Amino acid sequence: MRSVTNAFGNSGELNDQVDETGYRKFDIHEGILFCIELSETMFKESSDLEYKSPLLEILESLDELMSQLVITRPGTAIGCYFYYCNREDAKEGIYELFPLRDINATFMKKLNDLLEDLSSGRISLYDYFMFQQTGSEKQVRLSVLFTFMLDTFLEEIPGQKQLSNKRVFLFTDIDKPQEAQDIDERARLRRLTIDLFDNKVNFATFFIGYADKPFDNEFYSDILQLGSHTNENTGLDSEFDGPSTKPIDAKYIKSRILRKKEVKRIMFQCPLILDEKTNFIVGVKGYTMYTHEKAGVRYKLVYEHEDIRQEAYSKRKFLNPITGEDVTGKTVKVYPYGDLDINLSDSQDQIVMEAYTQKDAFLKIIGFRSSSKSIHYFNNIDKSSFIVPDEAKYEGSIRTLASLLKILRKKDKIAILWGKLKSNSHPSLYTLSPSSVKDYNEGFYLYRVPFLDEIRKFPSLLSYDDGSEHKLDYDNMKKVTQSIMGYFNLRDGYNPSDFKNPLLQKHYKVLHDYLLQIETTFDENETPNTKKDRMMREDDSLRKLYYIRNKILESEKSEDPIIQRLNKYVKIWNMFYKKFNDDNISIKEEKKPFDKKPKFNI
């Protein structure tokens, strides 16, 4: 049966809208609403935050989030609101730092100026928000806040696309608001929660707890997890379980904000045909695993018209090469066949295409094979996709693909697929490989298999060292490398997003400083140590390498024999490397030139 989803689950699902005839494509336009409840403890310095207040940590995290989104997703809308605020420009106790609009330089500058004023001591958070601890009669009721959230998301903004993914980042450290003991008010909040759910608004909660004051999430779990229920027809749990109302420590505020910003971008949706004869079909959708942002590729062409900047658009024309006449409306598509040109109508062209493939995107299983015989490094010619079930059109897809995942894992096999991911592309071969048991992601990886003409042969070498002469040395080098790696552990695994692209960061820092009017000074007489510190601040990869280098150098001076081994292992590794490198050079020097045939002058 069709799975019941709710708006408090995975944010990527909000874009999976499907009509009755087929899959529909949507451009993701995400809106993030920061809602922060002010309290006495929000202004107090915390040792977990290097003696910063949680409120300042939230503001700095918001500034960093906007700096990242303007690079990766500049079309994202962000709004920031504080409730329980006594400022004169606050409406019903809700103060708007900036409204829910697409990221722009004006809002970024306003936030940046506020942070500069706070760091220089020109103003304090207490003074800026005019916060005064008063009784509950001044506190903003959650029903007013929830209604305000809904109205904000439903507001139509001229010149701004409709939001397809709506999220609320809710920050509070008050676990017992005034509504907690009011049964009628709780019921009203549940009804408002249903309204938010119906309008596809989901929550990312940041319930902040402290060592001396842990956060009790009973109240918020009661009102926010209302959308989680069981599918009565199948007895299966809902695909999503509502928002996480688990409290967090103050020190995790920034990392969680930057992690929660991620949205799952659907790359494609299509049916997966398991058996064409019996019409056994399930729905799947694919996500992009990684994207690589590049500097200087995002720009627009504009022109000035009556002192107003307008965006310029390109248009293609077809011209007669002799007369220069515009023949765009007279062109037709023909297929050359010998000395004839065959002109087919759209319907006839469709019939020809359907003779060898389907019109819409599809994937069809044509067989199974051992993983060891199918997954090869030289077949890696395209980006892989992560495949998960899609219950939107084909009910029972989750249960079916879960069984397929278990069987493929048990038999150590992969599925061979034939199909295409876009309606206007040509069919290709694919391998559908299950994720490993240790893998954090549970699903399938889809790899395109190249055709023969897409595989390039390795060049023939005049001299090639197969390593047989150094087999023992290679084995020893591997053991030494394993010992060295034992001293350096990635606690949370390798996450590419944790290592920023220095070229990309430099490009956008120049734009950022220019728009926000931030003065930058460059000392021509910069000392080597100062230059090194500056480079490590700008490049976190260099900073990590510098840390590893220092750890190796410090191990040589250590009195602990176990720590001293690290430096000894590195010296042995360098010895092997130098030996292999010298042998390779000697092989090249011994290479004899070809014997040239004598030339005869006639």
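If you go along the chain as it appears here, the first residue is 1 and each next one adds 1.
Cβ atoms here come from the backbone N, Cα and C positions, even for glycine.
Looking at Ser11, Ser228, Ser371, Ser436, Swiss-Prot tags one of them with phosphoserine, and that residue is Ser371. Per Swiss-Prot, the residue annotated phosphoserine among Ser47, Ser314, Ser370 is Ser370. If you compare Ser164, Ser345, Ser372 in Swiss-Prot, the phosphoserine annotation sits on Ser372. Averaged over the domain 'Ku' (268-483), the predicted model has a pLDDT of 85.
In the three-state DSSP scheme, Ser372 (phosphoserine) is classed as helix. Most buried of the modified residues Ser370, Ser371, Ser372, judged by other Cβ atoms within 10 Å, is Ser371.
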